[in-house]
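Q: Swiss-Prot feature annotations, pasted as is:
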| type | residues | note |
| --- | --- | --- |
| BINDING | Leu116, Gly120, His121, Leu122 | (6S)-5,6,7,8-tetrahydrofolate binding site |
| MOD_RES | Lys225 | N6-(pyridoxal phosphate)lysine |
| SITE | His224 | site 'Plays an important role in substrate specificity' |
Amino acid sequence: MDFMAQDPEVFGAIHNEEERQEHNIELIASENIVSPAVRAAQGSVLTNKYSEGYPGHRYYGGNQYIDVVENLAIDRAKKLFGAEFANVQPHSGSQANMATYRAFLEDGDKVLAMDLTDGGHLTHGSPVSFSGQEYHFYHYGLDPKTERLNYAKIREQAEQVQPRMIVAGASAYSREIDFKKFREIADHVGAFLMVDMAHIAGLVAAGLHMNPVPYADVVTTTTHKTLRGPRGGLILAKAQYGKAINSALFPGIQGGPLDHVVAAKAVALGEALQPSFKTYAQHILDNMQAMVSGFEEDPHLRLISGGSDNHMVLIDVTGYGVNGRQVQDLLDEVGITTNKNQIPGEQNGPFKTSGIRVGTAAITTRGFTADESKRVGELISAAIAQRDDQPALDQIHQEVLALTARHPLS
């Protein structure tokens, strides 16, 4: 019996989601579109296998081919980022972070990381996250004038806090991060340096953003976002920390790995090792700069930090008298998918927010050009400006449909 006949409800929901992706412009910075090969690996018979442990040291039999796949993923990750050690088993970036904290820290240890409202992540010490509940996090923010990292100020905070670990990396920061300066700060106070490069991993792989691996003791990342792989996590580190990281992940916080996802990671890492991936990553940056130029023409929109060095930009939308949630919902109506996002000095709270975050990874995968990316930025401005004009919004939606029709998902 085929899928549709066996379970029409689930099949229908998946079909509808496929249609949504096909006919919407995806600008959520943490999302991308995987290749057919990655999807094939993730939908393979490897989903049937259980393989607690690591290659050559499993708690179940019949893992000889699973070992081949996992070793390929490990070797490719190490080669791609120049790492001494890689663990490809984390189910997510959050679990990669949890395992890393447990490998390096004791409960209650002090950690210095980026504040969530200034661009950090929940797992960087938010009180609603395990990280903020198990460890004593202190936070650095952005310079209120430049809305960029102030390394001198971070150094001062590190001197005051004397943390066991410093975390560099962000989920909503549009400027390049200087990991060498973070290494110097960590050395100055005798702290471990952890880098969470989940958003920029693809740019790092392509040589278009500073690589944190030579500077950090440990680097965590997701394998989706700009890396264009399956949803999952990855840990890279100095060889001396490998045993502790492996133990912290399994049996520490996970049981068996998701072998079908590990296979998809291996495929995606192999794709990222190809010369064409650097061209793709450069197009992500080119498209973002073009989109920024479209936003800059609108005096009612303010770009946080004035622009972008990577695949994303944060936009303060309050100049229009609206909040981020309202803009997110409005853009959904015209077929443009974004997410509301807090901005530095947030006044509206996390559920309404003052801004939105947009990224160009997914539209670049679809083949959008720089001119089309600029036009998308202009359409966003037009939709907000004409939010009470339904005929105008309908016309914008038609243009969105025309753009997506030029660039089918596959």
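Placed from the backbone N, Cα and C atoms, the Cβ positions cover glycine too.
So that I understand the layout, could you describe where these features sit and how close they are to other parts?
A: The Cβ neighbour count for His121 ((6S)-5,6,7,8-tetrahydrofolate binding site), using a 10 Å radius over every protein chain in view, is 23. Under the three-state DSSP scheme, His121 ((6S)-5,6,7,8-tetrahydrofolate binding site) falls in the coil class.
The Cβ of Lys225 (N6-(pyridoxal phosphate)lysine) lies under 8 Å from the Cβ of Ala29, Ser30, Glu31, Asn32, Ala198, His199, Ala201, Gly202, Ala361, each of these being in the same chain and 6 or more residues away along the sequence.
Neighbours of His224 (site 'Plays an important role in substrate specificity'), defined as other CB atoms within 10 A of its CB across all chains, total 27. In this structure, His224 (site 'Plays an important role in substrate specificity') belongs to neither helix nor strand by DSSP; it is coil.
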Q: When the number of other CB atoms within 10 A of each residue's CB is tallied over all shown chains, which of the binding-site residues Leu116, Leu122 has the maximum?
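A: Max Cβ neighbours within 10 Å, all protein chains included: Leu116.
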Q: Note down the number of other Cβ atoms within 10 Å of the Cβ of Gly120 ((6S)-5,6,7,8-tetrahydrofolate binding site), including every protein chain shown.
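A: Its Cβ has 24 other Cβ atoms within 10 Å.
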Q: With a radius of 8 angstroms around the mean position of the C-beta atoms of Leu116, Gly120, His121, Leu122, what other residues of the same chain does the (6S)-5,6,7,8-tetrahydrofolate site pick up?
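A: Leaving out the recorded residues gives Ala113, Met114, Asp115, Gly119, Thr123, His124, Gly125, Ser126, Ser129, Ser171.
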Q: Cα distance, His224 (site 'Plays an important role in substrate specificity') to Leu116 ((6S)-5,6,7,8-tetrahydrofolate binding site), nearest Å?
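A: Counting only the Cα atoms, the answer is 21 Å.
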